[in-house]
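First the structure, in the form of structure tokens, and then the observations on it.
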Amino acid sequence: MMHSGVPTCITCGEQVGLDHNGEVFVACHECSYPICKSCFEYDLKDGRSSCSRCGAPYDEISTMAVEETESVTQNTMATHLNISQEAGLHNRNISTVSTVDSEYIDESGNPIWKNRVESWKEKKNKKKKGATKVAKEAQIPPEQHMEETQQQNEALQPLSRIVPIPKSQITPYRMVIILRLIILGLFFHYRVTNPVESSYGLWLTSVICEIWFAVSWVLDQFPKWSPINRDTYIDRLSARFEREGEPSELAAVDFFVSTVDPLKEPPLITANTVLSILAVDYPVDKVSCYVSDDGAAMLSFESLVETADFARKWVPFCKKYAIEPRAPEFYFSQKIDYLKDKVQPSFVKERRAMKVFLGHSGTHDIEGNELPRLVYVSREKRPGYQHHKKAGAENALVRVSAVLTNAPYILNLDCDHYVNNSKAVREAMCFLMDPQIGRDVCYVQFPQRFDGIDRSDRYANRNTVFFDVNMKGLDGIQGPVYVGTGCVFNRQALYGYGPLSLPALRKGSSSCCSCCFPKKPSKQLSEVQRDSKREDLNAAIFNLREIENYDEYERSLLISQMSFEKTFGMSSVFIESTLMEHGGVADSTNPATMINEAIHVISCGYEEKTAWGKEIGWIYGSVTEDILTGFKMHCRGWRSIYCMPLRPAFKGSAPINLSDRLHQVLRWALGSVEIFLSRHCPLWYGFGGGRLKWLQRLAYINTIVYPFTSLPLVAYCLLPAICLLTGKFIIPTLSNLATIWFLGLFFSIIATSVLELRWSGVSIEALWRNEQFWVIGGVSAHLFAVFQGFLKMLAGVDTNFTVTSKAADDGEFADLYVFKWTTVLIPPTTILVVNLVGVVAGFSDALNKGYEAWGPLFGKVFFAFWVILHLYPFLKGLMGRQNRTPTIVILWSVLLASVFSLVWVKIDPFVSKGDSTSTQACIAIDC
């Protein structure tokens, strides 16, 4: 009841209220600052003991009044909780069942599942309803009909558009690339025809390394020939598929979240990801979230139950106030003034309630609205079976989701990647549901963005150059590569089907069903068949338009003849779901058997003697299953889309200390080596189909050969130290023409980088960090990946590199300064020490020989500092926060310095007799 004369709270806008004596509540008796009891209580819990206006401490009378009120409220809440807990004991019994559908298993079947089946049947009858709509339109007045026609025309406009790079930016960029390629050819002509006889071995090594670097540059540069940007029109998507007064026609989406070990992947992180999914701006009946717990941990299960409870309060709060992001931990950690520009006074109260709310069991939120489905999945695991880690878990989710919901699109996220933009799904649907381009799109990939990275991004954790430069270039060819998370898939592409733009096979043209339909195909049709089903694609590419032409009996025979069971496994329910291009629950299923069927398709022996992991689903055979999966789709003729909304769609966490970062890079590089040594190597796989564009193939080749660059890179980084210690060099005395080629190459490298920064918007700092970590990772993680890959693929030896934590500091970005000694750190530490010793030896030699020795020394020292400067972030990582070098690094450095000092003593007499008077332009080595 509103009381006249009672002031309004400054914070929340509600009336201040009365105290226990019936008088107006006063928090501060010094200035009578108007604040209600709820806000005053919240200030006390936050540790504020003084008035926010005058700074006077709160007196005991106000504090006691709040405590009395709080005790009464707690008694009331306790009674309410006891009642609600008795009514919701079934909540902890959910396992592979949705929190919304946890009571549907009975003999007669649950109405919720009946509605799903009926809704799927309605989709099949849309054509029949079309005629009825035409009849109704005849009764609409002309003016209203014109308005509706205008709205329909707007809705039929494209849902996205390509924004090409302006010609003023891309044309000079391409010209410089061609010019650099020409200068590079002239440079190598000079290098090969002018050997250094006095140091032939060093010269030959440097030339081989430089040729490899040039090939690597070509593989990396030319896929960026035609970069593009894209814009989406979410309003047009809503106008087309969400008409007022009609059910939403947006496509359903199944979200996949995978986790394994709750100790390494805390359940709180997974809970934030799940909550951000359940609160997305998308129709709730179109969203299903599947959480794969591959470790079968009770902690993960219990935390998911609590997450489902909390979602009842969190989801309506997010949608009511349109907050971003919708992951609670990251929303509340934002350093913003949530009171600024508030629209509704109730927002303050509800926001505070989010930090203390514990939900109750139920199938709807607190406002009575339906919640998205949340399904917990833990697949069967037994000794003696290959489970294929993350790829196997994702394939299990594909099958169980097909049985339960069968959404036509799948969005997969790592457990530490939450939805940062609630409209991300709509962004993807602007491509996938666009009739002009969606029929050929296998997936929509979003860039990865990260929280908690140090401001300078010391170890290039953000991968800005890759996500903002390389991926834009690939989008202009056949689409970006799949990076393992933040990707919306077309389910049919995961099943091995080809894109709908492939030629349609007529009834009876397929040789696999010739025994059922003996009509002999003509020569023209057989050519179409061979074109659509190349042998080297080895995929279950079937044409859904052909299958739909048959009746039920012919269709059953067709399924048998086309060996669907050998491809997809022994589950008739799942096989039927694969034939539904637009998703939905199959007619042949019934509610009583769905759970049993879902358990069956995730059993450990289900994939035996099938095409799972070989041709369909996530592909096995590499720890980087994402590269293989996307590569197979592109070989079948699909294209992918790169979507970069202004607000990042998803955000995750990344290892920011040196050792963890290197081991992450080691795993990626090892996966590339495994693909290089497999039958799926882009150097020879997929040529028969002719559907993979050659620039796209160059990009895939670059993704599998880049670890091998570590071999010439290590040799090249050791060359300056060897030159300083021996007094020799890798370049002879330069002529005027040679100087022009060297300088031309140097300036073309700078021009390429500047123009690339211009059209991509990447900062100079991000480009430099990427260059530094290319060297750091190349001489450490990539080198180990090459040797480990050969040992694993050729000798069957699986080598693991252990990481042991040695020290840690507290404070912001504390993980950045954690030092963990590992064998991966040995090569770059050795290169650093050797070059530092070489610089000292070079200056020492120049001081002994006098002024004439300083000229040749300049080029060699510059070359050495080029290496040291690139390894500087690595050196800072060894030093830690207080620049204290770990003992093990000091011992290793002293040992190396002692060895090279002894070597220098032995070779010094011979060096002094040699010729070291050449004046080399060492800047060219960087080119």
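Residue positions begin at 1 at the first shown residue.
A Cβ is built for glycine as well, from the same backbone N, Cα and C atoms used for every other residue.
Features reported for this protein in TrEMBL:
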type	residues	note
ACT_SITE	Asp294	active site
ACT_SITE	Asp626	active site
BINDING	Ser258, Lys264, Glu265, Asp294, Lys389	UDP-alpha-D-glucose binding site
BINDING	Lys390, Asp414	Mn(2+) binding site
DOMAIN	8-61	domain 'Cellulose synthase RING-type zinc finger'
TRANSMEM	704-725	transmembrane segment
TRANSMEM	737-755	transmembrane segment
TRANSMEM	775-795	transmembrane segment
TRANSMEM	816-841	transmembrane segment
TRANSMEM	853-875	transmembrane segment
TRANSMEM	887-907	transmembrane segment
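Considering only the recorded positions Lys264, Glu265, Asp294, Asp414, Asp626, the Cβ with the fewest other Cβ atoms within 10 Å is that of Lys264. For the binding-site residues shown (Lys389, Lys390), fewest C-beta neighbours within 10 angstroms: Lys389.
Closest in space to Asp414 (Mn(2+) binding site), of the recorded positions given as Glu265, Asp294, Asp626, is Glu265, taking the CA atom of each residue. Regional average pLDDT for the domain 'Cellulose synthase RING-type zinc finger' (8-61) in the model is 75. Where the transmembrane segment (775-795) meets the stretches 704-725, 816-841, 853-875, the count of C-beta pairs under 8 angstroms peaks at 704-725.
Across the structure, Lys389 (UDP-alpha-D-glucose binding site) and Asp626 (active site) place their CA atoms 13 angstrom apart.
In terms of C-alpha distance, the listed recorded positions Lys264, Glu265, Asp294 place Asp294 closest to Asp626 (active site). Cβ neighbours within 10 Å of Ser258 (UDP-alpha-D-glucose binding site), excluding its own Cβ and spanning all shown chains: 24. Geometry remark: Asp294 (active site) versus Lys264 (UDP-alpha-D-glucose binding site), CA distance 13 Å. Using a 10 Å Cα-Cα cut-off from Lys390 (Mn(2+) binding site), the binding-site residues that qualify among Ser258, Lys264, Glu265 are Ser258.
Look at the domain 'Cellulose synthase RING-type zinc finger' (8-61): DSSP puts its residues at 11 helix, 6 strand, 37 coil.
The UDP-alpha-D-glucose site in the record is lined by Ser258, Lys264, Glu265, Asp294, Lys389, and its two most distant CA atoms lie 15 Å apart.
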